[in-house]
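Peer 1: Have a look at this one before I ask anything.
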Amino acid sequence: MAYDKFTVLQSTAVPLPIENVDTDQIIPARFLKATERKGFGDNLFRDWRYNNDDSPKQDFVLNNSIYTGKILVAGKNFGSGSSREHAAWAIYDYGFRCVVSSFFADIFKGNALNIGILPVTVSPAFLDKIFTAIEANSNASLTVDLPAQTITIDASGEQESFDINGYKKHNMLNGFDDIDYLQAMREEIRNFSGARLI
Amino acid sequence: MSNAVSTLFDKVWDAHVVRKIEDGPDVFFIDRHFIHEVTSPVAFLGLESRNLSVLFPEHTFATADHNTPTINQHLPVEDPLSSKQLKALESNSAKYGISHWGLGNPKNGIVHVVGPENGITLPGMTIVCGDSHTSTHGAFGAIAFGIGTSEVEMVLSSQCIMQPKAKKMRINVNGQLSKAVTPKDVILYIIAQISASGATGYFVEYAGDVFENMSMEGRMTVCNMSIEMGARGGMIAPDDTTFNYIKGREKAPKGEAWDKALAYWKTLKTDEGATFDLEYHFNAADIEPMITYGTNPGMGIGISKSIPKAADVEGGASTYAKSLSYMGFGEDEPMIGKKVDYVFIGSCTNGRIEDFRAFASIIKGRKKADHITAWIVPGSHIVEAQIKEEGILDILTEAGFLLRQPGCSACLAMNDDKIPAGKYAVSTSNRNFEGRQGPGSRTLLASPLVAAAAAVTGYVTDPRELLEA
Ligand code: SF4
């Protein structure tokens with residue numbers, strides 16, 4: 001599925017200073033029964049966000065109206081566990097375009113990039129600075145500049161650069177995906193397959 | 001380059017690179033692709049919307065497992081959403097010419113159990129599935145890992161995905177395992193040492209005499225949980241144990257093709273002197289039967305130990321406190337003697353015949369504890385048939401247990417097998433995340449022996465005591 005291009009994103013952010021957020025928390029298994037990619041945002045962080053009677057849990061950050069924005073900032077080892085791409089869909093569908101953490105689980109990172117969410121890995125110290133800035137002022141904005149590969153806390157001007165491989169960067173900037181690339185290689189793949197032993 | 005020493009991982013990886021992209025991932029060829037009802041429907045929609053065909057339908061295998069019921073499988077599936085997913089899998093498979101082992105098919109079962117069991121999984125292959133425990137197949141010396149739905153679409157349409165090559169880690173465990181220490185304990189121990197994220201970015205090779213002496217089923221249990229320390233996957237070099245397991249299985253090569261394959265498979269091992277980015281060494285004698293007390297698989301301890309104090313645990317104290325409070329446990333409490341409500345034996349981690357044999361070895365001659373609800377779920381119909389043939393069913397029945405039908409069941413609780421909120425389950429599955437086994441459920445991961453001990457006593461119990469009897 002092609003997605004929106006990503007260049008420079010300036011936005012306020014939603015803080016989730018919890019470590020090891022696994023994809024079962026991002027979207028619990030019982031919401032994986034759809035046969036279409038629709039409506040997952042409503043169930044993002046379902047069990048942290050709602051009580052059993054579907055009333056919102058007041059202490060969860062998504063229910064706190066002072067925090068808004070297209071950037072989710074989370075603790076270390078974000079997206080561990082199940083490979084469900086539904087976790088990335090839920091984050092995208094809710095309205096986030098970028099997730100910032102000091103460490104991402106591999107599969108989540110790949111899934112995010114495949115659907116147009118930019119995972120930005122920062123140092124633990126910079127992550128703390130972001131949390132502190134948002135805590136001090138929920139309107140504090142961040143600027144994620146993909147062409148320059150930098151993330152900036154706008155109020156203080158503190159900045160860090162982040163890594164992304166050139167191929168993925170090109171895709172994100174243009175809204176291309178891997179399927180387009182692979183389709184163009186079908187003949188080469190057929191030949192490769194023909195030469196395989198098993 | 002060709003004379004250079006290399007690792008098992010390098011040998012298999014390099015043989016599958018169709019194209020290298022500069023400053024980008026490799027275009028990586030996939031030999032075997034498994035699909036199931038939950039992560040494939042959107043991929044098929046994607047194919048349709050782009051008007052793409054399936055390039056090699058004969059390399060993809062479909063089985064229904066994630067949300068299938070484990071009783072009365074002959075009846076129509078009641079949950080309308082599950083039923084819709086199952087039908088989508090069936091019709092998509094039919095439309096694109098993919099072999100489909102749906103509900104009721106004698107070959108049906110959990111995807112990572114049926115692949116090896118039918119000889120689809122072979123050494124030296126690359127294997128993917130939209131399920132993170134695809135790492136199971138690494139037990140055969142294959143590169144196997146979980147992928148997302150976009151990648152399922154890529155494999156269907158091009159038999160390739162785009163992957164950066166992972167870093168390499170080797171985990172060596174040598175020595176003699178003690179009594180009642182099973183492959184599940186070995187992997188829970190390793191994860192507790194390395195942490196739930198300690199192998200992120202790596203592909204792991206397990207080496208040492210503990211794995212050399214392990215059965216194929218045990219190796220599958222170990223490789224299965226590689227993902228629980230963040231690894232992309234885990235693998236073990238194929239040897240005679242592997243070849244003997246594969247020989248004669250339905251889809252395994254036969255005759256001349258077998259000889260040719262075997263000659264190749266024998267080359268699949270890490271050369272002397274090859275290097276890894278990171279290496280660990282553990283001593284088998286240090287491992288005791290394990291159990292988890294927290295909400296990630298790295299939070300495991302020897303069953304006789306007490307829950308660690310926050311001060312002794314690496315990582316955020318608030319995350320640790322949140323986890324213990326979810327579990328209803330406190331620092332420094334012993335695990336032995338904690339009351340258990342549910343016991344689940346099954347899943348792609350411990351749902352094979354050896355697991356039921358182990359379970360039965362403790363159950364035999366005893367009775368299920370009155371307050372325990374036990375879900376005993378074989379990994380496949382083939383395992384179910386073995387349970388019956390070997391007389392294990394009789395042992396279970398005499399002890400007051402019921403055997404259910406195959407599927408993922410309470411491993412992820414997408415069907416009706418949900419542990420109720422606040423209840424404790426000793427589970428042979430692979431994840432103890434909050435709500436993994438049902439909203440509010442509390443999971444203690446353990447081996448089939450520890451599960452059996454809990455099932456007959458109703459409490460967390462050291463299985464060594466019951467085996468001595
Ligand atoms: S048993 Fe559990 S881990 Fe294994 S495939 Fe099923 S849901 Fe995934």
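In case you wondered, yes, glycine gets a Cβ from its N, Cα and C as well.
TrEMBL labels come from automatic prediction, so no person has curated them.
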Peer 1: Determine which of B:CYS223, B:CYS348 appears in TrEMBL for the same [4Fe-4S] cluster site as B:CYS408, B:CYS411.
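Peer 2: So, going by the record in TrEMBL, that would be B:CYS348.
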Peer 1: Around the [4Fe-4S] cluster site formed by B:CYS348, B:CYS408, B:CYS411, list the extra residues of the same chain whose Cβ is within 8 Å of the site's Cβ centroid.
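Peer 2: The answer, listed by sequence position, is B:ASP65, B:HIS66, B:ILE110, B:HIS112, B:HIS133, B:GLY346, B:SER347, B:THR349, B:GLY351, B:GLY379, B:GLY407, B:SER409, B:LEU412, B:SER429, B:ASN430.
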Peer 1: Going along the chain, which residues six or more apart from B:CYS408 ([4Fe-4S] cluster binding site) have their CB under 8 A from its CB?
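Peer 2: Long-range Cβ contacts: B:ASP65, B:HIS66, B:ASN67, B:THR68, B:ILE110, B:SER347, B:CYS348, B:MET414, B:ASN415.
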Peer 1: Three-state secondary structure of B:CYS408 ([4Fe-4S] cluster binding site) from DSSP?
Peer 2: coil
